């Protein structure tokens, strides 16, 4: 007899974006949804009265431990921000810092209804420990940089990434999977990119990388290889169906065609792109071409939070601003990118509420002035709701937040430890 959980008394957001009153019944042993609508009682009940039950949000590009650097350096272009502030600070990270930063970020995401994410960083075992403790779903990888390193260090970094991808591809009973994660097309040499591709195809895991984030990133690739970044990526073997890239801000029509033909996905990070003045990704054009587009926060150092509700609102607004068309990236498209689009990009069977899907749910409390009246639930998700409106968060059938109390962690202790470590890190880095 399976152990069941019923999310009862709310309205349910269906895959076709219709909304109806009903319950969601979850098999906690399997971590799956087993009934929607009129359901039998469960062994345990989560009260969703006055709420909308929606798929858990997917943060498809993140550097979760960078919460320690939230507010550390602002109001700079990407290259200066990285070279003058972030990379020197990261060089001073001590043992345990990344675990502490990751735990803080996981608490923040659970609070905001995120149930799955992709994370590119280093000291991945520390991040995996924190994710395992949190109960979230994730695809993880070691972010490799080989350019500017001597051969021995470059080889070691590359080997670390390959090892991490092998070790964590089915961790935490399958909730945690891996990807090969070369940082970008300009920070990883061509021979290492080709090695990544060969290893990824042999292991049947995707590749995740930054691409076309800034104009400054595009120029050296054109100069060195005589091709656009995604043309170069395709030439070295990237852009397979399961691969996913972050940003894609300066992606041309020809590159969009390459993406559509390949089946590779793009993770749009609107807040980070605005804050670093990187530009606006051509999301409407990508979607019209059939490219899967997901949403990501990027790291908290360049955002400066991990609230995917902010991203879906920004995505909808920027789509209109960029095209001059008010119907570009409509509310439904933005919510889809934050749920089913993210799940598709990361290869998870979540992002929708239907029988057989992963039981990853966010219960959004609509009993608030800014969510009243309710003419259209989806409109409110895109244009009015924030992560603070989430009342319960459920991942893999387990309740991670009930009535706004995060259950896997002592939240006060997590915040205190992260604040202390961030202060010590800043002192070492000479802030």
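A Cβ is built for glycine as well, from the same backbone N, Cα and C atoms used for every other residue.
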Which residue of 129, 150, 298 does Swiss-Prot report at the same Zn(2+) site as 61, 63, 210?
298
Given a separation of at least six residues and a C-beta threshold under 8 Å, show me what packs close to residue 298 (Zn(2+) binding site) in the same chain.
61, 62, 63, 246, 269, 271, 272
Inside 10 Å of the Cβ of residue 210 (Zn(2+) binding site), count up the other Cβ atoms and send me the figure.
26
DSSP three-state assignment (helix, strand or coil) for residue 90 (substrate binding site):
helix
Using the Cβ center of 61, 63, 210, 298 as the Zn(2+) site position, which other residues in that chain lie within 8 Å, going by their Cβ?
62, 120, 246, 247, 267, 269, 272, 296, 299
Which is it, of 90, 213: the one of these binding-site residues whose Cβ has the most other Cβ atoms within 10 Å?
213
Reduced to three states, what secondary structure does DSSP give residue 213 (substrate binding site)?
coil
